[in-house]
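K.L.:
Sharing a structure here in structure tokens format.
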Amino acid sequence: MNKVVLLCRPGFEKECAAEITDKAGQREIFGFARVKENAGYVIYECYQPDDGDKLIRELPFSSLIFARQWFVVGELLQHLPPEDRITPIVGMLQGVVEKGGELRVEVADTNESKELLKFCRKFTVPLRAVLRDAGGLANYETPKRPVVHVFFIAPGCCYTGYSYSNNNSPFYMGIPRLKFPADAPSRSTLKLEEAFHVFIPADEWDERLANGMWAVDLGACPGGWTYQLVKRNMWVYSVDNGPMAQSLMDTGQVTWLREDGFKFRPTRSNISWMVCDMVEKPAKVAALMAQWLVNGWCRETIFNLKLPMKKRYEEVSHNLAYIQAQLDEHGINAQIQARQLYHDREEVTVHVRRIWAAVGGRRDER
């Protein structure tokens, strides 16, 4: 099994392919990417037969920006007989994965795949039963075993394979299912909620997104991102020349500061979170974020980088490298992650967490 399927946002296949080719090459796992425009997935074909498994084991999934999910697969199964699609699929998986912890029958996230998705949901139940009898799946779902993937690209046409549950997306198709809150000021609120799910482990929410924390939202109007912070019972400085939603102001948790997010400087020294979703050149936003992190004005930040029309992967990589270089120069240890979220459009979302400073700084980081 020398192929790795990577699911991505339709229209971003080239970026996904450029990224996996680059990062696989850094680990001396060589191959080539098969790209079909607007397909919603990329296939990276390794030259060595066992390198697909090596890639999804050794390259941290969290280091990928444009992939929503990945799994290693064998050859394409074609012309599955409508009267018995299950037997060929089970046959392909035998000897490949044993006692899998979960079955996911998936498609790419495209309009053309919506009808196929309905079939996948119905097909999952009988396939799961037969796979359990054949030993391909454990008798109960467990996060400690590999995930079995069956990926349909057309009716009667699928790839079969697996991913490791400790190095994949926990979500079906790599998409968290979030519901838009009726009282939120804008749909952008779902970006920050999804970012929390993707970047912060669920068992750390109570500690890192805690009641009573202080936060800053740069470019806050009308308050989609502030809404998520208020919902977590934080005190928020919302910085924007535009007005905030009255419903947020009525909570008493929001202080609206009518000024430019690029010029604002915090007066408090105990700000845990700074979030930012401003429509501006990515280099300018990256420079501002680096300034906040280097000066210790916040402990963690989530921000969006708007993407140019061309060379998107190169642009994002350049901006992330700039932030890393600034942190290194000032002796600051930090974790940086970036992902094009489901609710992102022509942008990527970045999370940076300061861990400690090598030089004297904030007391909570020594």
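Even glycines carry a Cβ here, placed using N, Cα and C.
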K.L.:
Quick check on the annotation: Swiss-Prot has SER188, CYS221, PRO222, GLY223, GLY224, ASP240, ASP260 binding S-adenosyl-L-methionine, so which of ASP133, ASP203, ASP206, ASP277 does it put in that site too?
P.N.:
ASP277
K.L.:
Once near-sequence residues are set aside, which residues in the chain of ASP260 (S-adenosyl-L-methionine binding site), 6 or more away, have Cβ atoms under 8 Å from its Cβ?
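P.N.:
Set apart from ASP260 (S-adenosyl-L-methionine binding site) by at least 6 residues yet with Cβ under 8 Å, we have VAL239, ASN241.
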K.L.:
State which of the following binding-site residues has the fewest other Cβ atoms within 10 Å around its Cβ: PRO222, GLY223, GLY224.
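P.N.:
Each of the binding-site residues PRO222, GLY223, GLY224 was scored; lowest Cβ tally within 10 Å is PRO222.
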K.L.:
Take the Cβ of LYS306 (active site, proton acceptor) and count every other Cβ within 10 Å, whichever protein chain it belongs to.
P.N.:
17
K.L.:
Going along the chain, which residues six or more apart from SER188 (S-adenosyl-L-methionine binding site) have their CB under 8 A from its CB?
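P.N.:
For SER188 (S-adenosyl-L-methionine binding site), the qualifying residues are GLY224, TRP225, ASP277, HIS343.
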K.L.:
Quick one: pull the CA-CA distance for PRO222 (S-adenosyl-L-methionine binding site) versus LYS306 (active site, proton acceptor), whole Å only.
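P.N.:
Between the alpha carbons of PRO222 (S-adenosyl-L-methionine binding site) and LYS306 (active site, proton acceptor) there are 19 Å.
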